[in-house]
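Novice: According to Swiss-Prot, the NAD(+) binding site annotation covers G11, A12, L13, G14, R15, M16, G102, T103, T104, S126, P127, N128, F129. Among the features that Swiss-Prot reports, active site, proton donor/acceptor is placed at H159, with the record citing sequence analysis. Taken from Swiss-Prot, the feature (S)-2,3,4,5-tetrahydrodipicolinate binding site covers H160, G169, T170, and the record attributes it to sequence analysis. Marked as active site, proton donor by Swiss-Prot on the basis of sequence analysis: K163.
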Amino acid sequence: MKNKTKIIISGALGRMGKILIKETKKNKLIKLVYALINNNIDIKNHNQFYKVKEKKKFITLNNLKKKKKILKFDTIIDFSSPKYSIKIIKYCLKNNKKIVLGTTGFNTEQIKIINNASKKIPIIYSPNFSIGINIIYKILKNISKILGKNSDIEIIESHHRNKIDAPSGTALQLGKIISKSMKWNFKKSAIFSRYGNIGIRKKKRIGFSTIREGNTIGEHTVLFSNKYEKISIFHKAIHRSVFAKGALKAAIWISRKKNGLYNMSDMLKKIKI
């Protein structure tokens with residue numbers, strides 16, 4: 001058996017963190033070293049999810065920083081919040097560790113920090129680690145070039161009621177792929193709000209619609225509509241494990257890479273579409 005990729009999971013008590021920990025048990029190429037939790041979280045409230053053996057791996061970032069012995073791990077997988085993710089990135093910079101970044105909602109300044117960090121450590125960043133949605137990213141490049149000029153383009157996304165950023169990082173990425181393929185300025189093309197007398201639709205526009213309801217994991221639709229036909233590209237995440245499985249594959253992949261900012265498309269380059 002090959003050497004296992006040793007990981008730390010950040011945001012370990014969140015939705016994705018719990019699933020990631022569960023998926024590490026099934027993956028023979030991954031070894032969980034630690035699971036990061038916030039300082040103000042009481043692990044006792046999560047007893048139903050973890051066995052005693054697992055709970056020994058839980059640690060706060062502050063306590064991780066205090067460890068004098070060099071920790072033998074390869075990569076941190078982070079699904080947390082923008083503010084906490086930046087702390088994780090700074091820790092990885094200081095300790096020369098790789099990072100799989102799945103957090104969304106970063107502002108412009110935080111994106112700059114990520115870009116600068118990638119000059120010194122390997123980072124793979126994706127708003128969506130589903131293999132399926134990343135294949136759609138690849139397909140979308142070609143479809144946009146063929147249909148984009150003469151079509152009205154709309155992106156509709158739906159997520160659970162607790163998601164705090166909108167539109168989703170995946171929806172924004174879909175829009176950016178389309179605008180780049182069409183050589184449009186994304187900031188000018190993106191329409192995030194419609195209300196009142198907005199007039200007729202202008203050319204070179206990408207409309208975004210956001211739905212927040214119930215427990216929806218993630219649904220994304222891209223519409224290309226013209227006077228003759230309508231094409232709809234739809235993706236639905238049925239279980240969050242699809243993101244966890246993709247993130248673990250990314251952790252293995254990034255462990256062999258040099259410094260740089262990567263995405264899932266880089267990882268999937270061998271897939272020809």
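We number each residue from 1, going along the chain as drawn.
Each residue, glycine too, has its Cβ placed from N, Cα and C.
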Novice: Rounded to a whole number, how many Å is the Cα of H159 (active site, proton donor/acceptor) away from the Cα of T170 ((S)-2,3,4,5-tetrahydrodipicolinate binding site)?
Specialist: 11
Novice: Which one is closest to G169 ((S)-2,3,4,5-tetrahydrodipicolinate binding site) in space, judged by CA to CA distance, out of the binding-site residues G11, L13, R15, G102, T104?
Specialist: T104
Novice: Measuring Cα to Cα, tell me the gap between H160 ((S)-2,3,4,5-tetrahydrodipicolinate binding site) and G102 (NAD(+) binding site) in whole angstrom.
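Specialist: Cα to Cα, H160 ((S)-2,3,4,5-tetrahydrodipicolinate binding site) and G102 (NAD(+) binding site) are separated by 17 Å.
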Novice: Cα-Cα, whole number of Å: T170 ((S)-2,3,4,5-tetrahydrodipicolinate binding site) versus P127 (NAD(+) binding site)?
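Specialist: It is 5 Å, counting Cα to Cα.
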Novice: So, three-state DSSP: helix, strand or coil for H159 (active site, proton donor/acceptor)?
Specialist: strand
Novice: Starting from the (S)-2,3,4,5-tetrahydrodipicolinate site formed by H160, G169, T170, give every other residue of that chain whose CB sits within 8 Å of the mean position of their CB atoms, in sequence order.
Specialist: T104, P127, N128, E157, H159, K163, D165, S168, A171, G218
Novice: If I take the alpha carbons of F129 (NAD(+) binding site) and the residue listed as 'active site, proton donor', what is the distance between them in whole Å?
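Specialist: Here the two Cα atoms lie 17 Å apart.
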Novice: Restricting to the record's NAD(+)-binding residues (G11, A12, L13, G14, R15, M16, G102, T103, T104, S126, P127, N128, F129), give me the longest CA-CA distance in Å as a whole number.
Specialist: 20
Novice: Rounded to the nearest Å, what's the C-alpha distance separating G11 (NAD(+) binding site) and K163 (active site, proton donor)? Just drop the number here, would you?
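Specialist: G11 (NAD(+) binding site) to K163 (active site, proton donor), Cα-Cα distance: 15 Å.
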Novice: Using C-alpha atoms only, work out the spacing between G102 (NAD(+) binding site) and K163 (active site, proton donor) and round it to an integer in Å.
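Specialist: Spelling it out, the Cα of G102 (NAD(+) binding site) and the Cα of K163 (active site, proton donor) are 14 Å apart.
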Novice: Counting all other Cβ atoms within 10 Å across every protein chain shown, which of the binding-site residues T104, H160, G169 scores highest?
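Specialist: When each Cβ's neighbours within 10 Å are tallied, T104 tops the list.
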